[in-house]
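**Q** Quick one: the structure is below, and I'll ask about it shortly.
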Amino acid sequence: MKPHSVFADSLWPSIDLLYDYAPFLQQSMVDGHIGFFPTGITPPRVAIIGAGISGLIAATELLRAGVRDITLFEARDRLGGRAWSQLFDPHYYPRLIAEMGAMRFPPSATGLFHYLNRFSIQTSASFPDPGIVDTELHYRGVRHLWPAGEQPPALFTRVHNGWRALLYEGCLLDGVSLVGPLQITAMLKSERFDEAAEAWQIWLNVFRDCSFYSAMVTIFTGTNPPGGIAWERRDDFELFGALGIGSGGFLPVYQAGFTEILRMVINGYEDDQRLIIGGISTLAEQLARQEIRGTTPGRHVRFSKVNRISKDNGKISLATDVKPVDAFDRVIVTSNNRAMQMVHGLSADETFLNQDVCRAVRETHLTGSSKLFMLTRDKFWLKNKLPLTIQSDGLVRGVYVLDYESDNPEGRGVVLLSYTWEDDAHKLLAITDKKQRGQHLVDELSAIHPEFARYLVPAGADYERYVLHHDWLTDPCSAGAFKLNYPGEDVYSQRLFFQFKTANHPEQDSGLLLAGCGCSFTGGWVEGAVQTAVNSACAVIRSTGGTLYGNPLDSVHSIYDY
């Protein structure tokens, strides 16, 4: 996989926002800031809760704008939050990582790639998604080979062709014409935003209250199914659940909202997915140590948990583990949605958020997700011509081999042995010991692919050091992996994302702002963290007397009926 520093050749905005953050951020590099404070205006004292990607970007842009009194509070003992590239052994293998959080990075995430380029962080040519690399699909006990770049195995032809037809051609339901999602992408790329918005609103009108599964049944068992052949219940829908939409099987998230899945396709997040050579944590590290006006964001980090947030005499007070009360003019909360509710108490009353936003904080669905990685003695798949990814309908849903040192074919291997969502992840919570879990997964894999499984022993048989796993549902700082709306919940994303607009209305401005991917339309993607970080920084500047030009506060509008 050839490394390169990539920026999308053709930038386009995401469908729900119709605003591309990259040009604004690029212009800020020319200007030296996203905004500033005129002479005579004292910049505010700001707290940022969470030193993940969102918190660090918000701090970066506020420091560049001239805000000096900033404190980032981080409950973990590390930076990055859920953007976590865990090292197997920093001394012996400093380049070999386990991406415990985000691990796929599409260039259509233009805000993210702006910051990757700013720090010259490289990506590799592709993530080993099914069909992109040599793949094996195991379904009902039968092995199906899928060579890289070719059509899926014959068993999957009907569901594959039907899904592709839907993406390119759309469908006709009860006299309503729905434009193909990839046609909407083309509209965004060619700046036909009014057409794109109209087309997306029709999808929202028809499917806002439908699950992924129920929508697929409606579309593909009707009288005019995309691809021309109706799907058979239940076999074809199980097949499609195993095949997925590009990045592996989606059966565990069939109950998610259909529009939540569709927007990922329209936004291009399922295409050209990249690996970051040093892991996404390199972005957090670079953000933290960059020099800005004689300081760095990292010097403003306080490793302390923020508990309740309250208001006192016009200031916002934070109760922390090490100091009873700290008062600030503005607070940006990038914590996970469940921490916002259960730790900070933001949804208990209307001190900071109105009832609609409080409900969105409380009710937004977060997925459970688990990962288990193994560092192997060598890159056995190269020597033995084994598949680079295995997808199955068993306990071991998705296996991926990850090559972070493509220039060293004789080096150690990294295998993502188990990446699961929702019920599939919940099952694994019963096996808390990572050695037992790893061995159990290898045993399961042995039943379908013994040639592959025989090599799954950690280097030196050291399970303690060379097997890494994490369950996001039981993570005390997260209580879930990422936002994935249920049917009817897109309105929650709308309320959370546009909360920053209160900065334009002093009578609504409580001084507290929400950020993080869980407060975006793209939960689980780093782009949502970037967008909301920039939003919150702009809101702080505007609401405290600063000056902004060409910014999302004035340019991003809520135009859809969710």
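Just so it is clear, glycine is given a Cβ too, placed from its N, Cα and C backbone atoms.
Below are the features I grabbed from Swiss-Prot:
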- Ser54, Glu74, Arg76, Arg82, Arg104: FMN binding site (BINDING)
- Arg104: substrate binding site (BINDING)
**Q** In three-state terms from DSSP, label Arg104 (FMN binding site) for me.
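**A** Coil, per DSSP.
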**Q** Which residues, sitting 6 or more apart from Arg82 (FMN binding site) on the same chain, put a CB under 8 Å from its CB?
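**A** Within the chain, Arg82 (FMN binding site) has Cβ neighbours under 8 Å at Gly52, Met100, Gly101, Ala102, Asn336, Trp472, Ser478, Ala481, Phe482.
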**Q** Per the record, FMN is bound by Ser54, Glu74, Arg76, Arg82, Arg104: how many Å separate the farthest pair of Cα atoms?
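**A** So the binding residues stretch over 25 Å, Cα to Cα.
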**Q** Looking at Cβ-Cβ distances, which residues of the chain lie under 8 angstroms from Ser54 (FMN binding site) while being 6 or more apart from it?
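**A** Those within reach of Ser54 (FMN binding site), by Cβ under 8 Å and sequence separation of 6 or more, are Gly81, Thr334, Ala515, Gly516, Cys517, Ala529, Val530, Thr532, Ala533, Ser536.
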**Q** Does Arg76 (FMN binding site) have same-chain partners at least 6 apart in sequence with Cβ under 8 Å from its own Cβ, and which are they?
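**A** Sequence-distant Cβ neighbours: Phe303, Cys477.
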**Q** List nothing but the one residue from Glu74, Arg104 whose Cβ has the fewest other Cβ atoms within 10 Å; the candidates are the binding-site residues.
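**A** It is Arg104 that, of the binding-site residues Glu74, Arg104, has the fewest other Cβ atoms within 10 Å.
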**Q** Would you identify the secondary structure of Glu74 (FMN binding site) according to DSSP, in three states?
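**A** DSSP call for Glu74 (FMN binding site): coil, neither helix nor strand.
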**Q** Need the DSSP three-state call for Ser54 (FMN binding site) to compare against my parser.
**A** helix
